[in-house]
Amino acid sequence: MVSATVARNIAGIFGNVISLFLFLSPIPTFITIYKMKKVEEYKADPYLATVLNCALWVFYGLPIVHPDSLLVITINVTGLAIELFYLSVFFYFSPTQRKVKVGIWLIGEMVFVGIVATCTLLLFHTHNQRSTFVGIICVIFISIMYIAPLTIMSKVIKTKSVKYMPFSLSLANFLNGVIWVIYALIKFDLFILIGNGLGTISGVVQLILYACYYKTTPKDEEEDNLSKANLQLSGNEEHAKRVSA
């Protein structure tokens, strides 16, 4: 019989794989930016938000805060590296004004994470206290990030078209939430459970909307805009994602 530890590790490995797919989903966006040599109307906001989200979850998973969370660290360190790469590309091809904005936000995020780390280590002296403090902050930020997909869902309902909500990303978002919920339940972790419970609900709603409006989506529009949909959605929805484990 498989032990709880082994089952949890298996769930975490699957979660890492699915989360990695979601982290890599914006690649078409940056291929387009590279080819155009400019960022045009693309925004850095989703990537800046994900950098902060990943940094907080990496700190949450450290042994000094929440022991036995190696798989939480691995995926969020990986995600952090990927998001910083995206931002470096965005920064390189941005006009000066937008470069300044991205730089200021990154500095602000580093300062914020530093303040959280300092407060955690100086004010709290047990794993339970530290994981509770950092976990609450992580859940607050991931909850805010899950507001982003609501705009896409609203657009689907208004237009009765799923052209801006690719099925593969919606399914991956749902599976990512489910696998990390399982991970959190095997060795109960309230904060990972809440963050990914929201992700699971978001994924379910997206799949329901897809089932409701797939037939009403004009086929020519769906084909013509599939690439555009992936570019737009990957930079907004899947970073809420995503990624909270």
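Note: Cβ is positioned from N, Cα and C throughout, glycine not excepted.
Features of the protein shown, as given by TrEMBL:
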| type | residues | note |
| --- | --- | --- |
| TRANSMEM | 12-34 | transmembrane segment |
| TRANSMEM | 71-93 | transmembrane segment |
| TRANSMEM | 105-126 | transmembrane segment |
| TRANSMEM | 132-152 | transmembrane segment |
| TRANSMEM | 164-186 | transmembrane segment |
| TRANSMEM | 192-213 | transmembrane segment |
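The stretch with the most CB contacts under 8 Å to the transmembrane segment (71-93), chosen from 12-34, 105-126, 164-186, 192-213, is 12-34. When each of 12-34, 105-126, 164-186, 192-213 is checked for Cβ pairs under 8 Å to the transmembrane segment (132-152), 192-213 comes out on top.
Under 8 Å from some Cβ of the transmembrane segment (192-213) lie the Cβ atoms of residues 72, 138-139, 142-143, 146, 149, 153, 156-157, 160-162, 165, 167, 170-171, 173-178, 180-181, 183-185, 240-242, 244-245, all in the same chain and six or more residues away from its ends.
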